[in-house]
Amino acid sequence: MDKTHWEDRDANEEDWLALRPQEPSPSQCCGSGCKPCIYDVYEKELAQWERAKAMQDKSLLMGKKEQSNNSELNPDTFTAFSVSSVEQLTEDTYQYKFELPGNSSLHLSLGQHIVLRGVVNGLEVQRAYTPISPRNAEGYFEVLIKCYEAGLMSQYIKTWKRGDVVFWRGPFGGFPYQPNKHGELLMLASGTGLAPMIPILQSITDDEEDETFVTLVGCFPTFDKIYLKPLLQDLARYWNIRIFYVLSQETSLEKLPWSYQENTYTGRLNEDLMKTIVNSCRRKPFVLICGSSAFNEDMSRYLKAAGIEEDSCFVF
């Protein structure tokens, strides 16, 4: 075999290796149980690459897409969306609004999340967030995001300004809500865990035939760190909606506006308070939980002590 042939074969091998999909790093998995996960997408693309290489036919890779600019949300590929506004809600939490073409909608089911891709210092990171905009919102969607000082994704998000383009894929997950299926929903949310609860609440208040009772318990450090106060106050005016706040770092209710004093607790949401809240529910509740893994575990334990079994709970 002559030298030229060997060189051609090596060059061809290098071409194929350049086309081989890159295995995701752990930071690229958002950890939210997405289907398909970034690893599922990788396995699919790797199998496609292996078939194409075996047949020496690069045209078989033409269908491969890692991102799209057609503004159609897709679980397999990242789609570009433009930031239309940035609103700072607290010292570390922001509400971001994204444009959708025309009067289109994301068509999300209740409580579904979408995955954001960011690149920081050459490292790709992915995180899951739940839009808080109404399910039927047209021409836009909104996301509530808490930024952490040492967070890789937070470093990327804090650079966003109006007109910037960022990439999302999805939707994933969600709570299979059906009007009037449960007599009462008890929502336990810590911080931005409020996000998946908002579309469900709005769906109930928008449907005159849905008579589901809702008790929302929002856990925050202080009164100033409660998100979306005007929206929550509006929702609490509905006959079937109750909203309580548990403020872990507040020691007194006296400095709070009078309209909040009656439905706010200081300290942490513990086992005794959970029993009080469960016993105050007007019907036997089905429980929705969203927060950190430690919060979710604590709530599940307190609920069990209050007589709520695991099959009556859903954890986002």
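Note that Cβ sites are derived from N, Cα and C of the backbone, with glycine treated the same way.
Features reported for this protein in TrEMBL:
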- Arg127, Tyr129, Leu144, Lys146, Met153, Ser154: FAD binding site (BINDING)
Minimum Cβ neighbour count within 10 Å among the binding-site residues Arg127, Lys146: which residue?
Lys146
Centre the Cβ atoms of Arg127, Tyr129, Leu144, Lys146, Met153, Ser154, go out 8 Å, and tell me which other residues of that chain have a Cβ in range of the FAD site.
Leu116, Val143, Ile145, Cys147, Gly151, Ile157, Thr192
Lowest local Cβ density (other Cβ within 10 Å) among binding-site residues: Leu144, Met153:
Met153
Applying a 10 Å Cβ distance cut-off over all chains shown, what neighbour count does Tyr129 (FAD binding site) have?
23
Max Cα-Cα distance in Å among Arg127, Tyr129, Leu144, Lys146, Met153, Ser154, the residues listed as binding FAD?
14
Around the C-beta of Ser154 (FAD binding site), how many further C-beta atoms are within 10 angstroms, looking at every protein chain?
18
